[in-house]
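> Take a look at what TrEMBL says about it:
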- 1-23: signal peptide (SIGNAL)
- 201-265: domain 'ALK/LTK-like glycine-rich' (DOMAIN)
- 275-299: domain 'Ice-binding protein C-terminal' (DOMAIN)
């Protein structure tokens, strides 16, 4: 009985928590961005699930296992689009279009003749190919002969419940919303990292949408729309989340250019609560242990 009480006291004394930065951010959610369009090919939609789209006209392969998509290649002055970034690596580049940039860097992928790839991993549009969308697996860049970029894929951690994923239904830039206790916190595209502090332990509802791909001038109806995903997850007070909202892929800069890939919208856990002693708790625990020792000695003498 005495040992049980001491154990309970020790547990109580160490129940306080503090936020501790994680050595490696933990990906909780991503909604895939759409692929960039060309004059003759519609951009690939941001994909529900983890399978991304390859570049059009047999362009660059989609990423797998969290990698970026491949570029659409090059043939003389006809350059394919850059691949979209994945969760673990950036997309492949052609001479004319940079592949999408992966987390933490993200940023805009360059394109000299096509539309710039969007923040959130979108690949740049090339002279003759659209950029791939950013996502868990990056979309492939459009082929050098005018193929559009493939859409990036989506992801929800296994801890999520009530999961709903929809392919290609978001126009414009991406977004993320977090709901707890009937209060909604919304995050829109800023081109920079944002943060969310978990104030109370409980179940949080998330909804995220990836950015749409860019388009060839005059063909806005052919853009690849971003995916939308949602789900519920238990979070502990003191957890800190990094929010990265994907942008819309850029439109071409001239008549020969093609659209950049849309950025994925991402949520990472970057800091988690860890138990720490309350002030004076070590001294109290020491006193309790001394008391236990006295009782044990008395019992031995009495026995």
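Glycine too: its Cβ is placed from the backbone N, Cα and C atoms.
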> In this predicted model, what is the average pLDDT of the domain 'Ice-binding protein C-terminal' (275-299)?
52
> With DSSP helix as H/G/I and strand as E/B, how many residues of the domain 'ALK/LTK-like glycine-rich' (201-265) fall in helix, strand and coil?
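Its residues divide into 3 helix, 24 strand, 38 coil.
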